[in-house]
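So that you can see what the record holds, here are the features copied from TrEMBL:
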- 12-226: domain 'Glucosamine/galactosamine-6-phosphate isomerase' (DOMAIN)
- Asp67: active site, proton acceptor (ACT_SITE)
- Asn136: active site, for ring-opening step (ACT_SITE)
- His138: active site, proton acceptor (ACT_SITE)
- Glu143: active site, for ring-opening step (ACT_SITE)
Amino acid sequence: MRVIEVNDYYELSQKAAEMIIDQVRKKPDSVLGLATGETVLETYAAIVNDYQQNQTSYRHIRTFNLDEYIGLAADHPNSYHYYMNEHLFRFIDIPMSQTYIPNGLADDIPEECIRYEKLIGQCGGIDLQILGIGRNGHIGFNEPGTSFDSTTHVVELAHSTRKANSRFFSSLEEVPTHAITMGIATIMKSRQIILLASGERKAHIMSQLLEGEVTPNIPASILKTHPNVTIIADKEALSLIGKEQRKVYVQ
Ligand SMILES: O=P(O)(O)OC[C@H]1O[C@](O)(CO)[C@@H](O)[C@@H]1O
């Protein structure tokens, strides 16, 4: 695991976009794993900007999103379907039929999880997975305590996660209680992973991640055992890292 330290959120977004665009140019039929949330927003904006300036093509790219709320329709403004269309897909030339997001309205949700996991395999697995990190160390919606062996599954969202995400809803009660998420084993099968962390609100979890052990209590800690993980984090997110850990990880 290597950590690229950047000055601020702007630089983080530029660097992340650059790495994703590089992957797309090198392998135009790449399978990308995508995240939602606030952190990745400007990365998508930078990808859109590059598309408009340089016409990088996504015609043969396939994408798999990490997660989706259960119970929200694709056109609900807080669904991750809506988020992805709104911030990325509608601006680039990716055919919508090549963008995959779990269906949180499926009649048979356990079956939907199995289908989604299989589909990732049938597409050859994920070449590059983008991750944000929750303040409790969650990746996707894999909350603390999730088995490292988990594949795509249903989760009950932690109160802290619902509270954090309630900023996008009109009230906490409106935040769905459950979601479908790729599992930790699903994420770990990706050939390359980039995790993004920005701002002071991620400083505590970043120090726990970099200084602590690999434990299901911090789902992101499993990334330390993956052969190709890059963390892009800004100075604020790395502000609580001790000198020794800095020497080990930070470039
Ligand atoms: O980027 P944010 O909004 O801080 O969220 C971090 C992570 O938490 C989630 O929003 C889920 O709670 C993920 O989608 C995201 O990767």
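The backbone N, Cα and C atoms fix where each Cβ goes, and this holds for glycine too.
Feature map: annotations from TrEMBL on the structure.
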residue : record                             : Cβ contacts under 8 Å, 6 or more apart
Asp67   : active site, proton acceptor       : Thr36, Tyr80, Pro102, Gly140, Phe141, Ala179, Ile180, Thr181, Met182
Asn136  : active site, for ring-opening step : Glu143, Pro144, Ala158, Ser160, Thr161, Ile205, Ile218
His138  : active site, proton acceptor       : Pro144, Ala158, Thr161, Pro219, Ala220
How many neighbouring Cβ atoms, not counting its own, are there within 10 Å of the Cβ of Glu143 (active site, for ring-opening step)?
21
In terms of DSSP three-state secondary structure, what is the assignment for Asn136 (active site, for ring-opening step)?
coil
State the three-class DSSP label for Asp67 (active site, proton acceptor), counting H, G and I as helix, E and B as strand, and everything else as coil.
strand
